[in-house]
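Pulled from TrEMBL:
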- Leu23, Arg24, Gly65, Lys68, Thr69, Thr70, Glu131, Asp132, Tyr133, Arg174, Tyr184, Arg221: ATP binding site (BINDING)
- Thr69: Mg(2+) binding site (BINDING)
- Arg313, Arg318: DNA binding site (BINDING)
- 54-188: domain 'AAA+ ATPase' (DOMAIN)
- 185-255: region 'Small ATPAse domain (RuvB-S)' (REGION)
- 258-340: region 'Head domain (RuvB-H)' (REGION)
Amino acid sequence: MNENLDPSGENLSPQELDIEKQLRPLSFEDFTGQDQALENLQIFVQAANQRGEALDHTLFHGPPGLGKTTLAHILANELDVNIRVTSGPVLDKPGDLAGLLTNLDERDVLFIDEIHRLSPIVEEYLYSAMEDYKIDIMIESGPNARSVQINLNPFTLVGATTRSGLLTAPMRARFGISSRLQYYSTRLLTTIIQRSARILNVPIAMEAAIEIAGRSRGTPRIANALLRRIRDFAQIKGNGKIDIEIARFGLNALNVDAFGLDEMDNKILSTIIEKFKGGPVGITTIATAVSESPETIEEVYEPFLIQQGFIMRTSRGREVTEAAYKHLGKNRGSTQSELF
């Protein structure tokens, strides 16, 4: 994938990660968008603070890059507590989790990213910690083995997932607060880009901010990544200021089209049209045809293509829409004749 359009942020360099943290809002007041979720969270946090209690366990779900990690840190800041950060794949065994849980102070936040990737044994171990603030630890082994129950300080587990459907029902039921984050409008992304440009101390014209926002796939992380790259073009190819001309020049050089689609997005659409008559076709078949993993297509590419109306999910597989034909400049009836 075009790394500038990777909403997961997994390919960022250490320096870019530092810049991303610098751009991250630290409070509810600084956070843009997700109004309904934010309004509810402010009420829940205020109530928990007034009672002096730990906030209910909270689940953030939705496409990558929309602010789940940022909101977890904001919750800790607004609660005035510490936050411990980990991820589902890292927690291999119960002992890893026990070490984190026993070091939490009262009301602290434990943030588990990709919580849907927890192993079943670690997930079960987490149930009693979430529900009763207790865990059982095995002491010694063999015939002398015995279980010792340890009381934990009341804490808040904040989970983040891009695939909430993979969470088990018992895990989902233990979250008292659940918020689905939505893609951003161009207007809101423009506001985010202007704020980030001020922090980065780079002048940007309004029309340039709108242009970048319109190609950011509805995702703040992508908007900020594109802003950083366009800043480079402005520095080397321009006068340091991001105007509409340098913005368009840079975005075109990065192979980001007017809809925010990159080379792989367009390859997926054209493959379904040219090789599979527009669909329906299974996700595994599409993945094989474009040399990508089914998981990557489902998690990274497909959500935005569906949201933009280029692909439909049906019971028989994926189908492209009329909008996809129009976007690629193809006629529905002509694609097959071109193959022969």
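One is the number of the first residue shown, and numbering goes on along the chain from there.
Cβ atoms are placed via backbone N, Cα and C, with glycine included.
Sequence features annotated in TrEMBL and their locations in the structure.
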{"residue": "Leu23", "record": "ATP binding site", "Cβ contacts under 8 Å, 6 or more apart": "Arg195, Ser196, Ile199, Leu200, Asn224"}
{"residue": "Thr69", "record": "ATP binding site", "Cβ contacts under 8 Å, 6 or more apart": "Phe111, Asp113, Ala160"}
{"residue": "Glu131", "record": "ATP binding site", "Cβ contacts under 8 Å, 6 or more apart": "Arg174"}
{"residue": "Tyr133", "record": "ATP binding site", "Cβ contacts under 8 Å, 6 or more apart": "Asn151, Leu152, Asn153, Pro154, Phe155"}
{"residue": "Tyr184", "record": "ATP binding site", "Cβ contacts under 8 Å, 6 or more apart": "Gly33, Leu66, Ile192, Ser216, Gly218, Thr219, Pro220, Ala223"}
{"residue": "Arg313", "record": "DNA binding site", "Cβ contacts under 8 Å, 6 or more apart": "Ile306"}
{"residue": "Arg318", "record": "DNA binding site", "Cβ contacts under 8 Å, 6 or more apart": "Ile272, Gly279, Pro280, Val281, Gly282, Ile283, Ile286, Glu302, Ile311, Met312"}
Hey, what's the Cβ neighbour count for Gly65 (ATP binding site) at 10 Å?
27
Average pLDDT across the region 'Small ATPAse domain (RuvB-S)' (185-255), rounded to a whole number:
95
Leu23 (ATP binding site): secondary structure state under DSSP, collapsed to three categories:
helix
By DSSP, how many residues in the region 'Head domain (RuvB-H)' (258-340) are helix, how many strand, and how many coil?
48 helix, 9 strand, 26 coil
Could you tell me how many residues in the region 'Small ATPAse domain (RuvB-S)' (185-255) are helical, how many are strand and how many are coil under DSSP?
52 helix, 2 strand, 17 coil
Reduced to three states, what secondary structure does DSSP give Tyr184 (ATP binding site)?
coil
If H, G and I count as helix, E and B as strand, and all else as coil, what does DSSP give for Glu131 (ATP binding site)?
helix
